[in-house]
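A.B. asks: Got a structure here, written out as structure tokens. Questions coming.
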Amino acid sequence: MICLGIEGTAEKCGIGIVDSDGNILATCGCQLYPEVGGIHPREAANFHAEHIVPLIREALEESNLSINDIDLVSFAKGPGLGPALRTVATAARSLSQNIGVPLIGVNHCIGHVEIGKLTTGAKDPLTLYTSGGNTQIISYESGRYRIIGETLDIAIGNCLDQFSRDIGLGHPGGPIVEKHAENTNKTIELPYVVKGMDLSFSGILTSAINKYKQGVDLDVICNSFQQTCFAMLCEVTERAISYTGKNEVLLCGGVAANSKLRQMLQVMCEDHYVDFYMPPMKYCGDNGSMIARVGLLSYDENKCGIENSYINPKYRTDQVEVTWIKDNFQHNINLPDNIKEKGAEADIIEGIWDEREVIIKHRVKKKYRVDKLDEKLRLERTKEEAKLLSDCKKYGVTTPYIYSIDLNRKDIILEKIDAPKLHEIINTDKDIKKIFTNIGEMVFKMHEGEIIHGDLTTANILIKDDKPIFIDFGLGKYSNLLEDKGTDLLVFKKSLNTIIPEKSEELFNYFLNGYDNEDVIKKIDEIEKRGRYL
């Protein structure tokens, strides 16, 4: 079967032709460059209307095929700009009817993942998807691509574009910022915001624009802007590696064209003993071949036809039932013998201290971060974590005892506790309702004491005698804001949805039974909606 795919979710218009053996027969495309400002949805729609037919002709010529050789037409139904999506869907309907072949709409984001897997050979990667409209950490789990981390406000691509536009450099901003950043090694401090496996770019955007207005050198701002944003992306990705245990990382999306981001992710992956993949540059950005590929993978006669060809501008990656992945993948990361676990920001090492068996949490230097930022983060987090672990006990929340702290090495020497992690006992015969209610009660106490865990996942809660023991406060802080408490709960909710999606709602409700604050619970939905594609 041969599929022709039509892409046009934003400013890029693309046609791709792919066959069912995975051969990419043609990839053709063009891009709208606005004279001023960003992408206007109607301008994008008009641009696509003008270029789709010529690009189809070009793709057929490149593939040495005629239009009658096409067996299936697929199109990007979302997420994206409404007017642009409608133009693409109209073109796809017309083409499929004219040549008498099935029509199927597909998810744009999953297209990036699948073309990446096809062109790199990655089997079951953790995917960092970075584009103008999306920033997501994606993992295939239990029949869907799950979003285990994402931006809580604007996407990295939009962040770069908006900075460039606001200071008068034009659009698209990514290549412009990258070019200026290459002119210097100097950096300044900018906001660094990571919340579990989620992140936020609005603060750093505002700060960078203000620095420019204050007269700070443009090259220095651009280098700092890139280094800080990309370090945040690397950190949430390594947190996801630690949580999922996957041994492959795939970078995709338009921002993957940035050489500094690729370099930083490569370094991070090497330090975590996992493989790094990135598709050829022509398949990083939006393209028709990724739409054709997903069209073939998801082809189902019952899902085809004009009646199913509606668009969805807010089409989430995790809304799609992934029926084409059948394998049950096993992952193995080969760690050095002296490392018990490789955490996101620390090596976990077993040792002896004062004739006691202990756990040494050693915050290792992050080679992907600039030295000054890395030293600051590791020192601050080591001191803050030690204080939070100790203060939790004031509110009846169980944490490991601290025996010693070495701020020079960024080490915390902790009580060794022989107990399974929460995700290891979820499918056992233990009283799960009681356990999750207990966790909710303890997190409520923590929050009443104005302690925010910061990375509240099932990997950071030990269970002993049906009671929780909280570990790893590396992203923790003191706060009484509903926003921070709600984010804590959202991180926990997402972690459940990743590891046990079929029971996640039930388990989270048990948790909420113990968490006695309706205002915080209501805040979860508000924060969650910000991650939707806009």
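Each Cβ is built from the backbone N, Cα and C atoms, and glycine gets one as well.
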A.B. asks: Which of these, Asp286, Asp300, Asp318, does Swiss-Prot list as part of the Fe cation site with His108, His112, Tyr129?
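C.D. replies: Matched candidate out of Asp286, Asp300, Asp318, per Swiss-Prot for Fe cation with His108, His112, Tyr129: Asp286.
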A.B. asks: Since Swiss-Prot lists Tyr129, Thr130, Ser131, Gly132, Gly133, Asp161, Gly174, Glu178 for L-threonylcarbamoyladenylate, which candidate among Asn64, Asn68, Asn247, Asn258 does it give for that site as well?
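C.D. replies: The one candidate that Swiss-Prot places in that L-threonylcarbamoyladenylate site: Asn258.
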A.B. asks: What is the separation, in Å, between the Cα atoms of Asp455 (active site, proton acceptor) and Ala344 (ATP binding site)?
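C.D. replies: Asp455 (active site, proton acceptor) and Ala344 (ATP binding site) have their Cα atoms 11 Å apart.
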A.B. asks: Looking only at DSSP and grouping its letters into three states, which state does Lys340 (ATP binding site) belong to?
C.D. replies: coil
A.B. asks: To test your reading of the ATP site: which residues beyond Lys340, Glu341, Lys342, Gly343, Ala344, Glu345, Ala346, Asp347, Ile348, Lys361, same chain only, put their Cβ within 8 Å of the Cβ centroid of those residues?
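C.D. replies: Here the non-site neighbours turn out to be Ser242, Ile339, His362.
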A.B. asks: How long is the line from the C-alpha of Asp286 (Fe cation binding site) to the C-alpha of Ser131 (L-threonylcarbamoyladenylate binding site), rounded to the nearest angstrom?
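C.D. replies: The Cα atom of Asp286 (Fe cation binding site) is 9 Å away from the Cα atom of Ser131 (L-threonylcarbamoyladenylate binding site).
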A.B. asks: Name, in the order they occur in the sequence, the residues of the same chain whose CB lies under 8 A from the CB of Ala346 (ATP binding site) and which sit 6 or more residues away.
C.D. replies: Lys361, His362, Arg363, Val364, Gly474
A.B. asks: Run through the Cβ atoms and count how many others sit within 10 Å of the one on Ala344 (ATP binding site).
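C.D. replies: Summing over all protein chains shown, Ala344 (ATP binding site) has 22 other Cβ atoms within 10 Å.
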A.B. asks: Which residues in the same chain, at least 6 apart in sequence, have a Cβ under 8 Å from the Cβ of His112 (Fe cation binding site)?
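C.D. replies: His112 (Fe cation binding site) has long-range Cβ partners Thr127, Tyr129, Ser131, Cys252, Gly253, Met290.
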